[in-house]
Amino acid sequence: LGVVGTVGNSVVLWLLISNKGLRKRLTLLINQSAIDLISSVVLSATYVYAMYPPAIYTTWLDRVGCMLFDAKLLVFCTLNTSTFCLVLITLERFLMFVYPLQHRVWMAKWKLVAMATAAWIWGFFGNAAITIPFVWTEDGVCHLFIWPDKLLQGLFAVMYYACVFLIPGCFFVYAYIHIHWIIRKRRHSVHPNMNVNQKRLSASQIHLTKICLMVTMAFIICWTPNQTYFMLFQIGHDLEYGGMFWLVTQYLCFINSCINPFIYAFKH
């Protein structure tokens, strides 16, 4: 999966950057492809490490490996950053159709870059803040997610589920339903004097929105099992962490980081 994602996202990123017209219009998709590429590379590195883990965690490099790879800190930092970048894409599409005048003001390029940077910072530092305090090495053993209190663990689980999945998911559903309603409304009130270029622009924006919708649907399908299972486990349900079903849900999350290039190719 990591190799497929690396190759696919590299090709997409190269095509978007090498085309001047696409580079100017698709800043957020370029950003999404970049984080998906990094996520795929990190995923590959994590599972190469898993093939040759240290027998005893003694050196500082072993401790770093415990934090970054055994706890999959880098993997989920990049995956969560991808989620927040997808929120930005949906917000941009929502403003484009629902509030087109505000879109020109709020979606200036420097603001897009600033928001994308904030998404990267939040994805990395937000995930690190709830991983680093609860992962450590002691007596040559890597201890993963040892919580000092069950109440704290449950509170974290609910907050994490809400911030990383539930709130973004609800926003995705609301935004695209509203966009669909706006598109249908406009189709029934097309101005007869609209020129060919205006119609072409409208059609291209609708096509781009369909691509973004498919990417969002893939996210919801791939992430729902894992996020729900993890939240239920953390709040005390009798579920097996690290078992077969958990691994299946985790691989669905990993698939999400490499599936987008196929969506772009399918809709091109």
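Glycine is no exception: its Cβ is also placed from the backbone N, Cα and C atoms.
Database features, via TrEMBL:
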{"type": "DOMAIN", "residues": "8-264", "note": "domain 'G-protein coupled receptors family 1 profile'"}
{"type": "TRANSMEM", "residues": "6-22", "note": "transmembrane segment"}
{"type": "TRANSMEM", "residues": "34-52", "note": "transmembrane segment"}
{"type": "TRANSMEM", "residues": "72-91", "note": "transmembrane segment"}
{"type": "TRANSMEM", "residues": "112-136", "note": "transmembrane segment"}
{"type": "TRANSMEM", "residues": "156-177", "note": "transmembrane segment"}
{"type": "TRANSMEM", "residues": "208-226", "note": "transmembrane segment"}
{"type": "TRANSMEM", "residues": "246-266", "note": "transmembrane segment"}
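Residues 1-2, 4-5, 8-9, 11-12, 32-33, 36, 39-40, 43, 75, 78-79, 82, 211, 214-215, 218-219, 221-223, 225-226, 229-230, 233, 239-240 of the same chain sit 6 or more residues outside the transmembrane segment (246-266) yet have a Cβ under 8 Å from a Cβ within it.
Most Cβ pairs under 8 A with the transmembrane segment (34-52) among the ranges 6-22, 72-91, 112-136, 208-226 are made by 72-91. Confidence in the domain 'G-protein coupled receptors family 1 profile' (8-264), given as mean pLDDT, stands at 82. Contact between the transmembrane segment (112-136) and the transmembrane segment (72-91) holds: at least three of their C-beta pairs are under 8 Å, each pair 6 or more apart in sequence.
Outside the transmembrane segment (208-226) by six or more residues, the chain places 26, 32, 83, 86, 89-90, 93, 96-97, 165, 169, 172, 176, 179, 183, 246, 248-250, 252-253, 255-256, 259-260, 263-264, 266-267 with a CB less than 8 A from a CB of the stretch.
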